[in-house]
Amino acid sequence: MLRRPASLVLKWFEKPNIKHHSNHFAGRSSITTVSTLPLNDGNQVPWIAFGTGTALFRKDAEDAIRLALDNGFTHLDGAQVYGNENTMGNGIVASGKSRSELFITTKLGQLQPGETPKSALQESLRQIKVDYVDLYLVNHASNHVGKLKEVWKGMEEAQKAGLTKSIGVSNFTADHLKTILEIATIPPAVNQVEAHPYVWQALQPNLAIHDQYKIVTSSFGGLSSLFRGKGGPLDPLIEQIRARLEKTRGAPVSDGQVLNKWLQQKGVLVVTTSSKAERIREYLDTQNVPELTSEEIALIDTIGGKLHKRYFPGHWPYE
């Protein structure tokens, strides 16, 4: 495996360490420890991640990564298909953060002839300039038709080789999960899918398997029902809950924080992104927002279930 100079490589043997970060959302200063979710392999994952897809897809991610790290994110979510692992690595190096402060995720793309999940990850590590990632996901089952079991065995090999601490999948249906679970000696730790109130009912077959195997549900597009689906049935309820939380807190609460809180209380790993420092601090500040009541959570579930809408249909071409 090709190596960068030692000064640029963040060592795999450093122990993970979740730091305290200063948060100044809406002009207020508070100290927040990024809480974690337990994975089924004994590891822990920060509940919120900064994603390098969507707006950063195939773009230089260095400045965005530095902005995210400077404003308190510790979990970075990348992928081979995003085409920016190299600049993601540049951002990490430029930030001056030690490897032990970070949780890094990347995802397996379409395998080239002669390539394996392990060799593909070795190239990702070279690009990101680290010796290991914390989480390695199979990005799309549709990239590996007829070969899911073989690919999953390759993921297990990558983990056993110490190139990743945990392995999982992304955009896998319940049937895809059942296929790999037939042969898995290590079950997926995470399944990253589009998850928000307008698809929550459709995710129930997935969520049943996630519960059974203690697979963490990871969400991308979690705020889509607010920003991409503006004018939908949830809007009045979210505003009502936001006003109640703001009054309870005695400090600003945003609509986005309401939905991210809903996801957090369901034990979902949230992947989000922004080019604005204030929005980044707002996302992290969600942890300081008072909890939704069980009645409020149930109302979001019920009203969200009145509309089925995917905003990333290309990631879920199975219905």
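Indices start at 1 and increase along the chain as displayed.
Yeah, the Cβs are placed from backbone N, Cα and C, and that goes for glycine too.
Residues or ranges marked as active site, proton donor by TrEMBL: Tyr82. Look at TrEMBL and you will find His140 tagged as substrate binding site. Taken from TrEMBL, the feature domain 'NADP-dependent oxidoreductase' covers 54-303. Taken from TrEMBL, the feature site 'Lowers pKa of active site Tyr' covers Lys107.
Annotated features, which come from TrEMBL, shown on the structure.
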| residue | record | Cβ within 10 Å |
| --- | --- | --- |
| Tyr82 | active site, proton donor | 23 |
| Lys107 | site 'Lowers pKa of active site Tyr' | 26 |
| His140 | substrate binding site | 22 |
In the predicted model, what is the mean pLDDT computed over the domain 'NADP-dependent oxidoreductase' (54-303)? 95
Between the Cα atoms of the residue listed as 'active site, proton donor' and the residue listed as 'substrate binding site', find the distance and write it as a whole number of Å. 13
Cα distance, Lys107 (site 'Lowers pKa of active site Tyr') to His140 (substrate binding site), nearest Å? 9
